[in-house]
Amino acid sequence: MTLSKFFITLAIACVVLFAQPLVPVTDDTGMARAQEDGDDDDDGDDDDDDDDDGDDDDDDDDRSGGDFDRDGDDDDESDRSRRPRGSGTDPITRFLEGVFGRNDDAPRRVQRQPAPTPSPEPEPRPLAAPDEIVTLALSDADLTTLQAQGYALIETYDIATFGQTARRLTVPAGTTLEEARAAVRALPTGEEADFNHFYRAEQGFPPDCSGLECPARVAFGWSLPEGRDVSCGRGMSIGMVDTGINPDHETFAGADLAVETLSDQDLIPSEDLHGTAIAALLVGAPGTRSPGLVPGASVTAIDAFHRDSGDERADVFTLIKALDRLAQLGVDVINLSLAGPANTALELLVTELSGSSDIVLLAAAGNAGPSADPLYPAAYDGVVTVTAVDRDRAIYRRAVQGDHVDLAAPGVTVWTAASIRGARWKTGTSYAVPFATAAAAALRQADPNLTAAEVRQALRDTARDLGDPGPDRVFGAGLVAVPSECRKDAEDAPEALPVSMPD
């Protein structure tokens, strides 16, 4: 190329370069391409996730499982690097390559994507009310001492079960709960003081399928809905503490069900979802979409829960009132499909109810996982701890395990009532408890002279061993036995009788 021709070509190139900003840049399809927007991404989108996968915020390319290779040859080199010389989509590039040639050996600029930011961990749910202490049997003199120190009395409740007074106090400003508890326990009558702990319904995650694709509910020997009538459970007196219940659900037509609410009227009421499901497992009417295990039983349900920022819970002060109320009503057994931390005041009441008051208490093992610490009230002496198994008698993967576990019962993909109408699948140790509750009530119905301790032992003695031989940390004594009153005829009752979803 002569020198004059070179300068002429260079002049033309400069004209094209200076004129270029006045012309929209286009790609091969004629669509205008985005200009730089200052967000340091590669402009496949502008959703702040710096990806090129459309707009799904996951910083990958979903078109082929996250590792997108345009040419299918298992490398990460773009096909654009193999285009023939002059085939670039930019007109300036094509012009200059035609004049000066293309340097394939020039280092390519590699744009590195920033490492994806991990999703933040969800905020842990509070363990207890942030500024409250609960006491039992605190004397008036000790109460006066605390009030002089800045404690304020919120609520008082006389526990008829053992003649003590429960009090709920706020702690002074600038005092931690640990400091407040230690100070109250140091008083002559304050040794039972503890936090106002929270307890939650033990419902697990929904199954990974829905409708008819899910495994059928397994009643493990309970008669089929059409083979069960109200004689199963007649004369049983069952109490339960749970969330709200929808008494107008079609499954409760004709049921002997009473519902009381104890939560503070200033708090947001609990929803009817969990409580309705538990009550329906017990006394749902035969012939409905959610028939109960003991439809002839009498059930008194206490709603002790409230909602706070999406968290549905019962504080220990309200739980104590609910248990005392059921004791005064004279129930034979109490279903507690809930769990939470250890609490001194709750332990004292549970010990009294299961001992001197002769009431059988059954509670959920909890869904915190197999390596979690024991949850309460299930882990207290005198309470029957119930874990959950699936239709194959495999343990529920989130169930708490330990030496305190007493029994196993169906609790995975259990078919029961929804909150408004109809029914749905439920999973969690909560839903296993009604099976054991029904069995305990049937034992007391068959022999009213049995003590609570004898009923607890009979449940363990009649359970079918699962897992390692003998009682173990996973299944306890084994699968809860079906009461004879609620079985089909012996020749029709297999060991595990699947109950299909009603039409």
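In case you wondered, yes, glycine gets a Cβ from its N, Cα and C as well.
All TrEMBL annotations are machine predictions without curation.
Note that this is a predicted model, so its numbers are computed, not measured.
These features come from TrEMBL:
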SIGNAL    1-19  signal peptide
REGION    28-127  region 'Disordered'
COMPBIAS  37-62  compositional bias 'Acidic residues'
COMPBIAS  115-127  compositional bias 'Pro residues'
DOMAIN    233-478  domain 'Peptidase S8/S53'
ACT_SITE  ASP242  active site, charge relay system
ACT_SITE  HIS274  active site, charge relay system
ACT_SITE  SER430  active site, charge relay system
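TrEMBL feature annotations superimposed on the structure.
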{"residue": "ASP242", "record": "active site, charge relay system", "DSSP class": "strand"}
{"residue": "HIS274", "record": "active site, charge relay system", "DSSP class": "helix"}
{"residue": "SER430", "record": "active site, charge relay system", "DSSP class": "helix"}
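Residue environment of HIS274 (active site, charge relay system) contains 26 other Cβ atoms, counted within 10 Å of its Cβ in all protein chains. Looking at SER430 (active site, charge relay system) and ASP242 (active site, charge relay system), their Cα atoms lie 10 Å from each other.
Taking the C-alpha positions, the distance from HIS274 (active site, charge relay system) to ASP242 (active site, charge relay system) comes to 7 Å. Summarising the environment of SER430 (active site, charge relay system), the number of other Cβ atoms within 10 Å of its Cβ, over all protein chains shown, is 32. Of all Cβ atoms in the shown protein chains, 27 besides its own fall within 10 Å of the Cβ of ASP242 (active site, charge relay system).
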